[in-house]
Amino acid sequence: MDNSTPPPGGFKGGLGSIFGGGTPEYSNTELSGVPLTGMSPLSPYLNVDPRYLIQDTDEFILPTGANKTRGRFELAFFTIGGCCITGAAFGTLNGLRMGLSETRDMPWSKPRNVQILNMVTRQGASWANTLGSVALLYSVFGVAIEKARGAEDDLNTVAAGTLTGMVFKSTGGLKGVARGGLIGLAMSGLYALYNNWDHLKGKSPSHY
């Protein structure tokens, strides 16, 4: 019996050798020396050029036709929640200050602690409700104006801020409406100016 192995450049046996269609066998050592001229190395798992997987900037997977910046509706949740948390934190500190001031003549006892705790709870809830209501009005007006105009720019911000101030102070009569509108116009105008400060200085603005 001949136990000799065929040479690396031989042909596969079987049906291929019978019909004369055998394919030559090459070892990995022989294939490793074959130059791949003009070809990029491919990932063995993805079968793509790995250079396409290296991104210099952040890229997000977006649906077709979607914007890379968040709209008014997406920002509304963050705005309302952030204002409620900010109002609660500010109200808590203000209530603690007021409670300590009003009970400074009382000795440290349970009645004083209860009074301070009541003041903290009341002020925190009041400020959270106030700022949350303002944020809700601002978000509703912003989304409505964006849908009506079909565009998202600083004009929407200023208009939404002005209308928010007018509605929030509408219980104070015409003077209250005018005062609230001016306050909303000033605050939204300052925010728009701050948001475009890099653009005014000649730099490319960053959108979030």
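All positions are counted from 1 along the displayed chain.
Here the Cβ of each residue, glycine as well, is placed from N, Cα and C on the backbone.
These figures come from a predicted structure and were not determined experimentally.
Residues or ranges marked as transmembrane segment by Swiss-Prot on the basis of sequence analysis: 73-93 (among others). Sequence-distant neighbours of the transmembrane segment (73-93) (same chain, 6+ residues past either end, Cβ-Cβ under 8 Å): 120, 123-132, 134-136, 138-140, 142-143.
Beyond the transmembrane segment (125-145), the same-chain residues lying 6 or more positions past its ends with a Cβ under 8 Å from any Cβ of the stretch are 72-73, 75-76, 79-80, 82-88, 90-91, 94, 156-157, 159-161, 163-164, 167-168. Here Swiss-Prot flags 125-145 (among others) as transmembrane segment, drawing on sequence analysis.
Remote same-chain residues near the transmembrane segment (173-193) are listed as 154, 157-158, 160-167, 200 (criterion: CB distance under 8 Å, separation of at least six residues from the stretch ends). Taken from Swiss-Prot, the feature transmembrane segment covers 173-193 (among others).
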